[in-house]
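Undergrad: A single structure is presented below for examination.
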Amino acid sequence: MSAAWIPALGLGVCLLLLPGPAGSEGAAPIAITCFTRGLDIRKEKADVLCPGGCPLEEFSVYGNIVYASVSSICGAAVHRGVISNSGGPVRVYSLPGRENYSSVDANGIQSQMLSRWSASFTVTKGKSSTQEATGQAVSTAHPPTGKRLKKTPEKKTGNKDCKADIAFLIDGSFNIGQRRFNLQKNFVGKVALMLGIGTEGPHVGLVQASEHPKIEFYLKNFTSAKDVLFAIKEVGFRGGNSNTGKALKHTAQKFFTVDAGVRKGIPKVVVVFIDGWPSDDIEEAGIVAREFGVNVFIVSVAKPIPEELGMVQDVTFVDKAVCRNNGFFSYHMPNWFGTTKYVKPLVQKLCTHEQMMCSKTCYNSVNIAFLIDGSSSVGDSNFRLMLEFVSNIAKTFEISDIGAKIAAVQFTYDQRTEFSFTDYSTKENVLAVIRNIRYMSGGTATGDAISFTVRNVFGPIRESPNKNFLVIVTDGQSYDDVQGPAAAAHDAGITIFSVGVAWAPLDDLKDMASKPKESHAFFTREFTGLEPIVSDVIRGICRDFLESQQ
């Protein structure tokens, strides 16, 4: 049975008739955080336990008695007088959405107004209180406020399951106009509310695209939804051409910096709002954003009508600007009216960490060169096993023109570049070329081969933002010195993994490998033993990559 409002004639108050106890009445209350929201509770009725010492000034509470579901449950409970700031049990009842959530100052918390929200909740004392009788009516008159509770300096942690650094790039052009610009801000505010902004959750900033882009506020400026909402509300309409491409490039290059609050290891996201179509080239800006490891989402509103298509530079601009043209990064709304239903699906996308394919990871931000022993002692059949080993490592990585890059050199006394980092930009092509490498046969000069690879393979891409790795596979002792060339490679920022088979001396493997030697040098007696080493090398590459990002 859902909760219902009934009037109490002559009393000047309304009564909220709450449903009676369900079969799970004996269950212990669920422990929640200070900032668990009503929308996080999926039941019609739930008993929860609020912690003590929550920072009152950072509670986000919308409404009075009936609260928008984006409100903090514990904040609403303190606001209503159900508990004090020392915490305690609270019963939460889900209610339908409504309009006109009012703003009331009570018990040290100033709740905020909200014109409309899709779901609501109310709170009463928890199961230990005397209000357990079935169908008991609870008065909605204001509880005595008493003394204002003391504020604490603690910070809101936010939604830890939605870690992202997000820039909202809003349309501030004459194309959208003042009225739709305000509707756009309202939508962005709703998205920001639902994200669960906090110190350990998502951080957001705002950029306005117009004649010239303007960064309205950075990631580091606000870490609570309340402050972000106020900042969005204060953003003024600029006008001018939309110049979305110019603004996107500016955002990718200038917004996501350490000084501006970007966090290492957290996905960087730009949500671009386009009302109609951009007035400049957005494809190049999308490429720049991907090169900087930024995940670009496009929210397009009001597609051009057939008579306007001639004014659009490129009707496929969305596909060319997003992180990946797979449907995940593009989002369309028919207009700026009735957009509430589009908020949650967009938030779910922004909080799906594993889908952020343009973020820099060990799988898409490395250059890996393979130095393959083609000496006579290997033999053709074993050489094929070495190529299979190389392929199994290479196919793990996200190879593309802006992602991971693979190169291969075969050596005996001589060296032969089988393919360089810039020759192939798809995984299919790279694997096909590896399969077709021809066995050279000859002596073993590993030191010269290392120097050759550093100079001719890594040299041309020295400006690459990717981390460089060299995987050496050899079956015997080198006729020349390996320690000096390997040290030079290390000094050039190249991490070396050495993999030895059969007669390869352990001393040579350690001399070539990066530190710590035990996790960068591997040995197997048989060529068939190379397969288990594949996962060791991949884990090592990812470990070294992550350490370099700290």
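Placement of Cβ uses the backbone N, Cα and C atoms for every residue, glycine included.
The structure displayed is predicted, hence computed values, not measured ones.
Straight out of Swiss-Prot:
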- 128-139: compositional bias 'Polar residues' (COMPBIAS)
- CYS34-CYS50: disulfide bond (DISULFID)
- CYS54-CYS74: disulfide bond (DISULFID)
- 28-121: domain 'LCCL' (DOMAIN)
- 165-346: domain 'VWFA 1' (DOMAIN)
- 367-537: domain 'VWFA 2' (DOMAIN)
- ASN100: N-linked glycosylation site (CARBOHYD)
- ASN221: N-linked glycosylation site (CARBOHYD)
- 128-159: region 'Disordered' (REGION)
- 1-24: signal peptide (SIGNAL)
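What's the neighbourhood like for each of these?
TA: Mapped onto three states, the DSSP output places CYS50 (disulfide bond) in strand.
For CYS74 (disulfide bond), the same-chain residues that are 6 or more apart in sequence and have a Cβ closer than 8 Å to its Cβ are ILE32, THR33, CYS34, PHE35, THR36, CYS50, PRO51, CYS54, PHE59, ILE83, GLY87, VAL90.
Per-residue pLDDT, averaged over the domain 'VWFA 1' (165-346), rounds to 88.
All protein chains considered, the CB of ASN100 (N-linked glycosylation site) has 9 other CB atoms within 10 Å. The DSSP secondary structure for ASN100 (N-linked glycosylation site) is strand.
On its own chain, ASN221 (N-linked glycosylation site) has GLY205, ASP227, ALA231, GLY261 as residues at least 6 apart in sequence with a Cβ closer than 8 Å to its own Cβ. DSSP assigns ASN221 (N-linked glycosylation site) to coil, not to a helix or a strand.
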Undergrad: What does the DSSP secondary structure composition of the domain 'LCCL' (28-121) look like, as residue counts for helix, strand and coil?
TA: 14 helix, 45 strand, 35 coil
Undergrad: Other Cβ atoms within 10 Å is the metric here; tell me which of the disulfide-bonded residues CYS50, CYS54 scores highest.
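TA: The largest 10 Å Cβ neighbour count belongs to CYS50.
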